[in-house]
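A short write-up of the structure that comes next.
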Amino acid sequence: MITANLLSSSHKIILLSTLILVLVPATVSGGCTCQDDQTEQLNKSEALKFKLAAIASVLGAGGIGVSLPLLGRRFHVFRPENDIFFMIKAFAAGVILATGFIHILPDAFRTLTSPCLGENPWGKFPFAGFVAMMAAIGTLMVDTVATSFYKNMHFSKSKQVNVDEEAGDDEHAGHVHMHTHATHGHAHGAAAPSHEMSLSDLARHRIISQVLELGIVVHSVIIGISLGASESVDTIKPLLAALSFHQFFEGMGLGGCISQAEFKSLTTTIMMLFFSLTTPIGIGVGIGISSVYKENSPKALIVEGIFNSASSGILIYMALVDLLAADFMNPRMQSNVRLQLGAHISLLLGAGCMSFLAKWT
């Protein structure tokens, strides 16, 4: 009896060991999917229809989103001095912030820690976080240097014009002007700070709009190529709706910054077109390279991961520092409790909606 039990136990141990040896390698090997899944149902002709629909939808959504704040010159509700503009901008900033934290940065970590990449160095150092951090620091440096350069350039021109005007007045006024010039000098001294402040604000808005567009465009190209290169209808369908929403509200945030920057009409038009066309062009490029593009190849993973990391760092910095901090510390908002409440709710709604949609993108 004891011998039978021992044999039975031995058989169980052998059977269990065999199952472990069979199942564990299968589980481990299943973590790395470096080859394309051949079992997925692919319908290239149907996928192409959805890709073309995505180009039209994303182009329209982005164009409308970036244009709405610029219509403030004709419609009072969209003017920067209106309360609703603060809430719209807070919602868009929430979308941009969630895009960086919830959508882009986790994707960057996933691609740069993929088992398809070698353990050394990609598995031993958090490159995604490092690149995002350096991109944020780099954005701060560009922001600071460009703003300082812009202010110094325009202030020197402004001071030169004032000196020339005063010199002309001295030539024509004679001795009597000496008394009135003191009054003029006092008035000019009082007016200078407000003029200086307006130039400083204008410089900030222009730098913000340009750097923000750079961060958005980098990500838009990556996700456009990814959508265009995909041959799975099940992947493209949710991306179509999510990207349209994404582009619309990112466009509103960027359009608000462009509106406050007061660019010339040509520059404004170029920036609007550049933003609106970037993702559709990325989709077109993805369609063109879909036959040779391998999304799980090491080169594709490294390039996508680094660009996504940099884009997330730029967007997070811009959303927190240049969009939210600038508006929420504005004296007008600080003195208006209702406006603060509306802006906070709008911010949470924007971040929440984009966080919910992140699973589809």
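Placement of Cβ uses the backbone N, Cα and C atoms for every residue, glycine included.
Sequence annotations record features per position, and here TrEMBL assigns signal peptide to 1-30.
The transmembrane segment annotation in TrEMBL covers 54-72 (among others). Remote same-chain residues near the transmembrane segment (54-72) are listed as 78-80, 82, 85, 88-89, 224, 227, 236, 239-240, 243-245, 247-252, 254-256, 258-259, 268, 272, 275-277, 279-280, 283-284 (criterion: CB distance under 8 Å, separation of at least six residues from the stretch ends).
Only residues 6 or more beyond the boundaries of the transmembrane segment (84-105), in the same chain, are considered here, and those with a CB under 8 A from a CB of the stretch are 69, 72, 77-78, 128-129, 132, 212, 216, 219, 246, 249-250, 252-254, 256, 308-309, 311-316, 318-320, 323-324, 327-328, 330, 333, 339, 342-355, 358, 361. Residues or ranges marked as transmembrane segment in TrEMBL: 84-105 (among others).
Positions annotated as transmembrane segment by TrEMBL: 125-150 (among others).
Look at TrEMBL and you will find 207-227 (among others) tagged as transmembrane segment.
Under 8 Å from some Cβ of the transmembrane segment (270-293) lie the Cβ atoms of residues 48, 51, 54-55, 58-59, 62-63, 66-67, 70, 209-210, 213, 216-217, 220-231, 243, 247, 251, 254-255, 258, 263, 300, all in the same chain and six or more residues away from its ends. The annotation transmembrane segment is assigned in TrEMBL to 270-293 (among others).
Feature annotation from TrEMBL assigns transmembrane segment to 305-325 (among others).
Residues or ranges marked as transmembrane segment in TrEMBL: 337-358 (among others).
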Tertiary contacts of the transmembrane segment (207-227), as residues 6+ beyond its ends and Cβ separation under 8 Å: 51, 54, 58, 96, 99, 104, 139, 142-143, 146-147, 150, 236, 239, 243, 247, 250, 253-254, 257-258, 260-261, 263, 271, 274-275, 278-286, 289, 293, 295, 304, 307-308, 310-312, 314-315, 318, 322-323, 326, 361
Residues from the same chain, set at least six apart from the ends of the transmembrane segment (305-325), whose C-beta lies under 8 A from its own: 89-90, 92-94, 96-97, 99-101, 104-105, 107-108, 111-112, 127-136, 138-140, 143, 204, 208, 211-212, 214-216, 218-219, 221-222, 253, 257, 347
Sequence-remote partners of the transmembrane segment (125-150) [C-beta within less than 8 Å, at least six residues beyond its ends]: 105, 108-109, 111-113, 200, 203-204, 206-208, 211, 215, 305-306, 308-314, 316-318, 321-322
